[in-house]
Amino acid sequence: MREIVHIQAGQCGNQIGAKFWEVISDEHGIDPTGSYHGDSDLQLERINVYYNEATGNKYVPRAILVDLEPGTMDSVRSGPFGQIFRPDNFVFGQSGAGNNWAKGHYTEGAELVDSVLDVVRKESESCDCLQGFQLTHSLGGGTGSGMGTLLISKIREEYPDRIMNTFSVMPSPKVSDTVVEPYNATLSVHQLVENTDETYCIDNEALYDICFRTLKLTTPTYGDLNHLVSATMSGVTTCLRFPGQLNADLRKLAVNMVPFPRLHFFMPGFAPLTSRGSQQYRALTVPELTQQMFDSKNMMAACDPRHGRYLTVAAIFRGRMSMKEVDEQMLNVQNKNSSYFVEWIPNNVKTAVCDIPPRGLKMSATFIGNSTAIQELFKRISEQFTAMFRRKAFLHWYTGEGMDEMEFTEAESNMNDLVSEYQQYQDATADEQGEFEEEEGEDEA
C-alpha cells in the first residue's frame, strides 16, 4: 500500500488536524477507540493509506502531533477522537513560540525537532511503501510556521524522493491573532516555495467570508472555520483514501497539477457549502455542483479566479452520479469560460468520481485549482510585510533569536518573484511561447 504520514504542528495545525481525523475516521467507519464499525468494503480497501492496523483489529492514525506548548495537544487528547492517536506520537515542548517564527525555526523549535524526526522515522519504517507526508499548519503563528517549515526541510533532507504536501492556513487581517503575521507568513512562504511539492492555501479571510455571506453566521468561530477546512481536506484526500478511477496518489496529483516547480500553491474549493449542524435537504444536481464549485464564493483562498487564469484544475465528485453527466458539465465549463484557462496546456482539467459521499450529503464536489490569481493572496501579505519592514517594526523579536535582516529581505524578494512568475504565465499565450523562453534565458544569464 502507498502510505501517507500526517504531521500537525502548532495550535492551528493541531486543531484542523484533529478535525480532519474526526471526519475521515467517520467516513471509514472507525470509532474513537479505533475499532471498525463500517458497512462497506470500500471503507477498508485503502484504509492503510492513513491508518496503521494494530493488534486487536484497532486502526491507529499515522499521525504525529507537534507543538511547542502542551495546551492544544491536551485539548486534542481530551477531544472526541483524542484516544485514537498513538500516545508516543505526541511531541511537545513547554516554552511556546510566542507567535515568533524565529523561535519556531531557529531556537525553541530546533531543540525539539530531533525528537519529532525520531517519531517520523518510526512511522515511516512501519510503512510498506511510503508515498509522502502531509503537514497541517498555519503560517501566521510561531510553531506551525517556523517549526513546521523547519520540519519540512529536515524531512526533505532525509526523504528527498517522497512527496511533501501541506495544508497551510494563510493569515488574514479579518481574523488576526497577532500583528507579526505578515512576517511569519512571508518567512514561511520563502520556505514552502523551495521545499514542498503541493501546498493547499487555506485562507482565513475566505473561510470567514463563506461563514458570513453564504452560511449567514453572524459571528463565525474557529470551530465554524475548521468545519469548512475539514470538509475540504476530506474532499481533497478522497482519491487517496478510496478506490477510484483517477487513482491519484500524491505524486500523480503533483504531475497533473504542477506545470512549473515553484508554482505549486493550490486554491481549494468545495460545494455544496453547509454550516455545522445544518445539512441541505435538497440533493444538488451535477450542473449545480459544477457551477458552485467554480464560483469564487466557494473558494477557500480569498482570490478571485476571474482575475487570473487556471494553469491546471482537478475536480473530485462524490456520490452516486452519472460519469457521463460529470464529463459533459466539466467540458461545458471549459468551453464557456475558455479565456480563463491557459490555452498552452491542453486538457488541463482532470476529474475523478468517488461513490462514497461525505456524511450528511448525497453528493458533493471538491475543487483544486492552480490559478495565477493566487498571486492576490501573496500580494496582500507582501504589502503588509513591506509596511512594517520598511520601519523595521517588531524586528528585534526576530534578530534577538539570532536572525539576520538579510533573511527578511530575501524572503520578501522571493515572494515578489513568485508573484511576477504567476503574472508572467497569466500573460503568456500559446503563439508567443517561443519568444518567452528566449527571454527567460536572458534573465538567467
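Using the three backbone atoms N, Cα and C, a Cβ is placed for every residue, glycine included.
Keep in mind that what you see is a predicted model, and the values were worked out from it rather than measured.
The annotation compositional bias 'Acidic residues' is assigned in Swiss-Prot to 429-445.
Feature annotation from Swiss-Prot assigns phosphoserine to S40 (among others). A 10 Å cutoff on Cβ-Cβ distances gives S40 (phosphoserine) a total of 12 other Cβ atoms nearby, all chains included.
What Swiss-Prot lists as phosphothreonine is T55 (among others), and the listing cites similarity to another entry. In this structure, T55 (phosphothreonine) is part of a helix by DSSP.
Around K58 (N6-acetyllysine), the same-chain residues six or more apart in sequence whose CB sits under 8 Å from its CB are T33, G34, S35, listed in sequence order. According to Swiss-Prot, the feature N6-acetyllysine maps to K58.
The feature phosphoserine is assigned by Swiss-Prot to S172 (among others), with similarity to another entry given as support. When secondary structure is read from DSSP and collapsed to three states, S172 (phosphoserine) falls in the coil class. The Cβ of S172 (phosphoserine) has D203, N204, E205, Y208, A302 as same-chain neighbours under 8 Å, each 6 or more residues away in sequence.
Within 10 Å of the C-beta atom of T285 (phosphothreonine) sit 13 other C-beta atoms, taking all shown protein chains into account. For the recorded site, T285 (phosphothreonine), the DSSP three-state label reads coil. Marked as phosphothreonine by Swiss-Prot: T285 (among others).
DSSP assigns T290 (phosphothreonine) to a helix. Around the Cβ of T290 (phosphothreonine), 24 further Cβ atoms fall within 10 Å across all displayed protein chains. Annotated phosphothreonine per Swiss-Prot: T290 (among others), in sequence order.
Annotated 5-glutamyl polyglutamate per Swiss-Prot: E438, in sequence order.
Summarising the annotation, Swiss-Prot assigns region 'Disordered' to 422-445.
The annotation motif 'MREI motif' is assigned in Swiss-Prot to 1-4 on the grounds of similarity to another entry.
The two recorded residues, T290 (phosphothreonine) and S40 (phosphoserine), have Cα atoms 27 Å apart.
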